[in-house]
């Protein structure tokens with residue numbers, strides 16, 4: 001519930017940046033943030049900045065609920081497994097005269113939980129991501145949610161709603177793993193340095209923004225390739241796989257093309273990450289901590 005509420009509140013605030021980011025990543029319209037903003041307003045009016053926002057809101061509630069829920073559950077499960085593993089002594093493996101101790105201490109529960117969270121939410125909510133992108137990029141073909149569902153199903157059946165699933169999963173793994181790992185690591189290090197037990201809201205905002213910036217920068221080329229695969233069919237030149245999409249971007253725009261839209265992405269991802277973590281921790285305090293429920 002905390003994740004769902006935090007995601008919904010964040011998306012309502014930052015929908016215009018999401019629209020501009022998506023247009024720039026897939027190469028629609030202007031190549032800069034200001035130009036893209038003006039184009040959307042001129043062509044679709046102010047409401048165009050919130051194009052696809054209804055599906056975005058429908059998408060974000062289950063996505064964030066599943067993602068944060070999976071993260072917390074997996075993180076606790078991994079930490080408990082490591083503790084039991086060490087208490088019972090790590091199993092030994094003997095290969096000839098070499099004795100190996102199989103330990104789980106080198107595995108980060110946060111990183112594993114982050115990867116699991118990204119995979120679970122993607123598998124569950126990918127069709128909503130496809131709908132959101134189509135509504136944002138081609139409002140003339142997909143004027144509303146009902147029309148988008150009908151047209152996509154007519155063009156490719158159920159499978160069309162899972163277009164680009166494989167590259168999405170490939171792109172999600174490094175992002176989600178780094179995103180949660182960075183937030184948890186920076187949070188713990190900061191609290192240890194400042195001798196604090198918890199963060200205040202501004203600190204959560206800043207650390208959340210930094211974790212989103214780092215994760216986005218590392219995984220952005222995969223995001224560019226993923227978006228090309230998802231909307232390429234609309235322009236009649238869909239690359240066959242992620243490697244081909246990356247090669248196409250490099251061939252047409254050079255290496256800098258892999259980070260086209262990165263500035264707009266950071267403008268969206270950093271406040272989104274910061275606000276999401278701030279709202280998530282706040283709702284968790286209200287719904288969980290204050291009620292004395294064990295985490």
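Placement of Cβ uses the backbone N, Cα and C atoms for every residue, glycine included.
Note that TrEMBL annotation is computational and uncurated.
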*From the ranges 112-135, 136-159, 160-183, pick the one that TrEMBL records as transmembrane segment.*
160-183
*Annotated stretch (transmembrane segment, per TrEMBL) among the listed ranges 71-89, 90-108, 185-203, 204-222*: 204-222
_Cβ contacts under 8 Å made by the transmembrane segment (160-183) with residues that lie 6+ beyond its boundaries_ = 67, 71, 108, 110-111, 113-115, 117-119, 122-123, 126-127, 129-131, 152-153, 207-208, 210-212, 214-216, 218-219, 222-223, 225-226, 229-230, 233, 241-242, 245, 273, 277
*asked:* For a three-state summary based on DSSP, what are the helix, strand and coil counts in the repeat 'Solcar' (1-77)?
replied: 67 helix, 0 strand, 10 coil
